[in-house]
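Trainee: Sharing the features that TrEMBL gives for it:
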type     : residues                     : note
ACT_SITE : H62                          : active site, proton acceptor
BINDING  : D63, V66, G68, D70, S72, E84 : Ca(2+) 1 binding site
BINDING  : H190                         : heme b binding site
BINDING  : T191, D242, T245, D250       : Ca(2+) 2 binding site
SITE     : R58                          : site 'Transition state stabilizer'
Amino acid sequence: MKSFGLCLFILLSSPYILQANLSSDYYTKTCPEFEQTLVQIVTDKQIAAPTTAAGTLRLFFHDCMVDGCDASILVASTPRKTSERDADINHSLPGDAFDVITRIKTAVELKCPNVVSCSDILVGATRSLVTMVGGPRINVKFGRKDSLVSDMNRVEGKLARPNMTMDHIISIFESSGLTVQEMVALVGAHTIGFSHCKEFASRIFNKSDQNGPVEMNPKYAAELRKLCANYTKDEEMSAFNDVFTPGKFDNMYYKNLKHGYGLLQSDHAIAFDNRTRSLVDLYAENETAFFDAFAKAMEKVSEKNVKTGKLGEVRRRCDQYNDYKG
């Protein structure tokens, strides 16, 4: 009987069992206007600020790849504790993404106080915005709780950087339970949004080759050098990840890679590495295959390491814990 009890305890404690508490209709009774409110606000915000979709998608990854989708990225630092938000890799996260989450949370709190978590709002907003700019429908479930911890020191090594080797990037995704195929599909998020010049400056200002790096289209490299000429003085200087259809979620990102229009060093690497090249070719030729793979990988990421029950809370404000004393 003891062994049975132990097995039962382990089973009930399994993260897969915890994830089973998530459901698409989680707020149907407790906050029936949640979905309608969320969609209306993200629509208005995207119309007013067209980069909101890309920014929110990036915010989603920076949250979920570090200990799961738990809204830990939204917590503001205090004099006593530096949060994930202030890790150096998160400094460039766009304000519009944080703003749209705050707007949704404020509106939902007025309708049903202390019910909808910030983590569910971030996942739901990302889903709606991806679809809004032409991307696939991502089936998301709700029921997450917000984290009780946000620590800057937990970020490093869990998010890929543009200058990392493909070995390093693959290892980061694998440590999160994601396959090479899922990694290639998720990197397709670069089909929208932009990157700051400092993230690819070493590629275009190559002193040994004034025509730009051999793997980049020379005319493209020349235009980027003009655009980023003053990037050391203006840190906000940036370029679209997809130079042809920057505001549309499509498979152009993969097509660009095959013709030397990859912006980041990691973009170039993924296009020509033996482990990833065939997938890039597939998604460049078949947008449906890309959309299907992206949606499935996003669903997987959104349910990884979910906090439920006493492992989290529903924050009244997304930027601070409920027991914050000021």
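Every residue gets a Cβ built from N, Cα and C, even glycine.
Automatic prediction, not curation, is the source of TrEMBL annotations.
Quick one: how deep are these features, and who are their neighbours?
Mentor: Neighbour list (H62 (active site, proton acceptor), Cβ cut-off 8 Å, at least 6 residues apart, same chain): I73, E84, I89, N90, L93, L159.
With a cut-off of 8 Å between CB atoms and residues at least 6 apart in sequence, the same chain places D63, V66, S83, E84, D146, S147, V149, S150 near S72 (Ca(2+) 1 binding site), listed in sequence order.
All protein chains shown were included, and the count of other CB atoms within 10 Å of the CB of H190 (heme b binding site) stands at 25.
The C-beta environment of D250 (Ca(2+) 2 binding site), restricted to residues of the same chain at least 6 apart in sequence and closer than 8 Å, consists of G134, T191, E287.
Counting only same-chain residues at least 6 apart in sequence, those with a Cβ under 8 Å from the Cβ of R58 (site 'Transition state stabilizer') are L93, P94, A97, A189, G193.
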Trainee: Whose Cβ lies within 8 Å of the mean position of the Cβ atoms of D63, V66, G68, D70, S72, E84, the Ca(2+) 1 site, other than those residues?
Mentor: H62, C64, M65, D67, C69, A71, I73, S147, S150
Trainee: Run through D70, D242, T245 for me and report the binding-site residues whose CA is within 10 Å of the CA of H190 (heme b binding site), in sequence order.
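Mentor: Those close enough are D242.
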Trainee: An 8 Å radius from the center of the T191, D242, T245, D250 Cβ atoms defines the neighbourhood of the Ca(2+) 2 site; name the other residues of that chain inside it, in order.
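Mentor: So the additional residues around the site are I192, F244, P246, K248, F249, N251, M252, Y253.
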Trainee: Across all the protein chains here, work out how many other Cβ atoms are within 10 Å of the Cβ of G68 (Ca(2+) 1 binding site).
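Mentor: Excluding its own Cβ, G68 (Ca(2+) 1 binding site) sees 23 Cβ atoms within 10 Å.
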